[in-house]
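Over in TrEMBL, the protein carries these features:
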- 2-78: domain 'Pseudouridine synthase II N-terminal' (DOMAIN)
- 79-121: domain 'tRNA pseudouridylate synthase B C-terminal' (DOMAIN)
- 134-191: domain 'tRNA pseudouridine synthase II TruB subfamily 2 C-terminal' (DOMAIN)
Amino acid sequence: MAELTGAIMQVPSKVSAIKIDGVRSYKRAREGEEFDIPARPVTVSSFSVYDVREAVADDGTPVLDLVVSVVCSSGTYIRALARDLGAGLGVGGHLTALRRTRVGPYKLDSAKTLDQLQQELTVMPVADAATAAFPRWDVDDRRAGLLTNGVRLEMPEEYAGSGAVAVFGPGNRFLALVEEQRGKAKSLAVFG
């Protein structure tokens, strides 16, 4: 499993939704077409086995079911990890179940069932969503006023290359989403 951990190049499954020359790969696969999907860089931060269970396939073949936990970057195909682990072991591999427990900062324990959503529609305040999803930059009142009036402020170096950054003013007021561009804050969306 060490070969499948860290920064790796992964070839997605042919039954994925990736487009090859404008056509979804799963459609090509279902039509029996032979094609290759280029490998792409992904990061697998951890790939741990929690349980090994002996089982029997529908045709009577004895098999092993592995219960694993994977922490990975966006764009990683778990089905492809199962395939590649099986290939590495020389036995083949596929998924029998998949449970996503986290997407970015959002965890399963804060998820709602469809019934709960129908009974009580709750909306996460935009400031809370910004805090959960983006790095936070707090500015004083003077800089808050400048930013909300369209002035491109000098950004601290710590945010260089980090993508969108949530800017908060005094009183925990969510002001804007910005990104660093040549050392200055370029507004993506202004809220305050």
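Cβ from N, Cα, C; glycine included.
Curation plays no part in TrEMBL annotations; they are all automatic predictions.
Broken down with DSSP, the domain 'tRNA pseudouridylate synthase B C-terminal' (79-121) shows 20 helix, 4 strand, 19 coil. Helix first, then strand, then coil: DSSP counts for the domain 'tRNA pseudouridine synthase II TruB subfamily 2 C-terminal' (134-191) stand at 14 helix, 25 strand, 19 coil.
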